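Peer 1: The structure's right below; bear with me while I get my questions together.
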């Protein structure tokens, strides 16, 4: 997205990108926090952890909701998943197009872009069907990867790139937050491993 924004010395793209990110996250917070609060107020802890949104909705409202409303909700959820997939997969699409351009020495046509997207979409679908138990490993994998990328690495990268005064307030703050992120990641991994050891893992290949 940042690569498509106009950029010059007076108006660098990073400023527009920062405003866009700020506004988008404010809109996301306005949409999600009321939904989470009202949802917890209505259902509490009655929604099973291992069931998806559609399964939980069908469990609570299958008998008192018309088929048309249920079908509309399913359709909206499907549209949301298809749209969000395109957004989250955009870095992969960009990398695939970059590899194609580097090897072929020519820009991607619409047909090639569609083929790359279909290839990656089919690959992720195959992985989801082949390993339906990956959701049970989400906490463990997230603790080993995403927690560090989210909480620890940015703090250390700030000290490495910006080079604030060593042993200063900003340097110590980033160092402390980075170490805290590592500790939280380790606790998350231990908790996830303990949960898997206690409840076990049903490795059902190709049986979603």
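Backbone N, Cα and C define each Cβ position, glycine as well.
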Peer 1: Transmembrane segment per TrEMBL: which of the ranges 21-43, 44-66 is that?
Peer 2: 21-43
Peer 1: Let me spell it out: take the transmembrane segment (111-131), skip the flanking residues so only those 6+ beyond its ends count, and list any with a Cβ under 8 Å from a Cβ in it.
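Peer 2: Same-chain contacts beyond the ends: 85, 89, 92-93, 96-97, 100, 205-206, 208.
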Peer 1: Six or more residues beyond either end and a Cβ under 8 Å away: which residues meet both conditions relative to the transmembrane segment (21-43)?
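Peer 2: Beyond its ends, the transmembrane segment (21-43) has Cβ neighbours at 56, 60.
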